[in-house]
């Protein structure tokens with residue numbers, strides 16, 4: 001019998017006294033959460049943000065984990081000094097790790113452990129603290145905030161302000177729960193609208209004290225406090241665009257030094273609205289279908305499929321990297337599609353009978369019905385298609401992205417969260433139409449759609465990492481910003497020695513969040529009430 005998820009748990013991470021690996025500055029740490037499923041295999045679940053020049057980081061990113069009472073859930077927290085833009089960790093300095101179980105964290109509520117190196121020796125005086133909270137509340141708070149006349153902390157130019165939100169824990173300490181983006185060179189900043197779960201912000205208690213701090217960002221990590229204020233949700237939710245709630249930003253040190261001190265600026269809350277968000281399971285149980293489409297790279301760089309060196313060569317036991325990636329992801333996602341009929345396309349090959357290069361040809365060669373019956377149907381279409389085509393080029397992604405986007409756009413005509421589209425692209429390398437693909441992704445970010453890219457082989461995947469907006473919002477060549485991060489890129493070879501479920505768990509990890517994010521943004525509800533559906537079964 002499968003384990004039943006008891007609840008969801010939020011994990012907050014902070015570290016102290018990290019090793020300093022940078023010359024002339026401090027380490028730029030990031031924490032990676034790994035999960036152990038069997039034996040010695042660990043797979044990456046999620047990462048925090050990177051904090052520059054800091055040996056005592058408090059990460060604002062929260063890890064959300066399903067808690068299974070009857071399963072020993074082994075976790076590993078790895079801390080790395082990130083000095084480059086690659087997603088690989090092997091080229092970053094390792095600052096230490098901590099292994100524990102989720103049960104240990106939950107039972108102690110806050111667990112502090114020394115960090116150790118791979119050899120088991122102490123990582124200097126470094127330690128890690130993991131705080132756990134059960135998530136019981138799906139209310140979120142939508143904020144719009146700005147400031148005016150902030151103190152200038154920079155000699156050359158103006159302050160680069162950002163906000164931090166802190167809640168008070170039961171032991172009286174402050175825990176950071178949200179950090180806004182930095183607004184560069186501006187004493188009257190307007191921050192982008194943002195949302196924080198009500199539970200994260202104040203444990204759902206409208207009268208619990210919330211502390212907001214305003215800082216001037218500095219590249220060297222020595223961020224200057226501009227000022228702070230304390231409030232409650234009861235006060236904050238009085239805000240409206242026509243009647244903002246305003247707070248003086250007070251710097252205590254300056255107030256004590258100067259009798260004439262008034263404030264260090266004013267923070268204005270223009271919107272503070274509490275709304276209830278549906279969960280991923282609310283949508284799935286409420287009738288939302290995940291529509292799965294596959295795009296396979298048939299460009300010449302894969303090598304002649306008849307040669308054992310080719311990425312398209314099917315080994316005597318019937319597999320290659322393309323098929324393994326397809327099975328891994330497809331087997332998970334097919335359970336969320338009622339008819340299990342999946343369109344499958346190839347790109348970058350010359351196809352019969354004209355032998356023209358095509359970038360969105362159906363692998364079953366039936367343009368009016370490109371659907372394959374289940375994942376097995378896609379595999380069969382792939383196998384029969386391979387000997388009938390000539391691998392060619394270039395590697396263009398935009399046609400197949402735009403193809404799926406047309407269906408996603410049609411689905412937006414419905415007034416409920418009835419359909420969401422997931423495109424899996426399996427490719428061996430360097431993308432040719434990067435500008436067109438950037439534009440296609442930015443356009444698709446406004447649609448009920450996500451894109452998974454699995455890179456097979458050992459090529460340079462830096463362009464793929466660029467499309468995966470983890471380092472910041474992707475922009476089109478015209479400067480338009482993607483309103484959501486909808487691309488997840490994973491190099492297949494990172495999972496060669498991992499359990500067969502690991503690739504799917506990694507690439508699909510962000511899909512629930514992307515589904516919920518889209519439907520909640522557009523205030524779309526599930527087609528059917530989940531409770532009603534459960535009663536009928």
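The chain as shown is numbered from 1 upward.
Quick reminder: no glycine exception, Cβ is built from N, Cα and C everywhere.
The domain 'C2 1' annotation in Swiss-Prot covers 1-115, and the record cites sequence analysis as its basis. Across the domain 'C2 1' (1-115), DSSP helix (H, G, I), strand (E, B) and coil residues number 7 helix, 56 strand, 52 coil.
What Swiss-Prot records for 14 (among others) is phosphoserine. Here residue 14 (phosphoserine) comes close to 56, 57, 58, 59, 128, 129: these same-chain residues lie at least six apart in sequence, with C-beta atoms under 8 angstroms from its C-beta.
Annotation source Swiss-Prot lists Ca(2+) 2 binding site at 22, 81, 83, 93, citing sequence analysis.
Residues annotated as Ca(2+) 1 binding site in Swiss-Prot: 22, 28, 81, 83. In the shown protein chains, 13 other C-beta atoms lie within 10 A of the C-beta of residue 22 (Ca(2+) 2 binding site).
Helix, strand and coil counts under DSSP for the domain 'C2 2' (124-247) come to 9 helix, 59 strand, 56 coil. The domain 'C2 2' annotation in Swiss-Prot covers 124-247 and rests on sequence analysis.
The feature Ca(2+) 3 binding site is assigned by Swiss-Prot to 154, 160, 216, 218. Around the Cβ of residue 216 (Ca(2+) 3 binding site), 21 further Cβ atoms fall within 10 Å across all displayed protein chains.
Feature annotation from Swiss-Prot assigns phosphoserine to 197 (among others). Other C-beta atoms found within 10 angstroms of the C-beta of residue 197 (phosphoserine) number 20, with every protein chain shown included.
Around residue 243 (phosphoserine), no same-chain residue six or more apart in sequence has its CB under 8 Å from its CB. Annotation source Swiss-Prot lists phosphoserine at 243 (among others), citing a large-scale study or a structure entry.
What Swiss-Prot lists as domain 'VWFA' is 291-513. Averaged across the domain 'VWFA' (291-513), the predicted model reaches a pLDDT of 90.
Apart from 22, 81, 83, 93, the residues listed for Ca(2+) 2, the same chain places the Cβ atoms of 21, 27, 28, 80, 82, 92 within 8 Å of the centroid of those Cβ atoms.
A gap of 18 Å separates the Cα atoms of residue 28 (Ca(2+) 1 binding site) and residue 216 (Ca(2+) 3 binding site). The Cβ centroid of 154, 160, 216, 218 marks the Ca(2+) 3 site; residues of that chain outside this set whose Cβ lies within 8 Å of it are 153, 159, 161, 217, 223, 224, given in sequence order. Distance between Cα atoms for residue 22 (Ca(2+) 2 binding site) and residue 218 (Ca(2+) 3 binding site): 17 Å, as a whole number. Spatially close to residue 218 (Ca(2+) 3 binding site) yet at least six residues away along the chain are 160, 224, judged by Cβ distances under 8 angstroms. For the pair residue 81 (Ca(2+) 2 binding site) and residue 216 (Ca(2+) 3 binding site), the Cα-Cα distance reads 23 Å.
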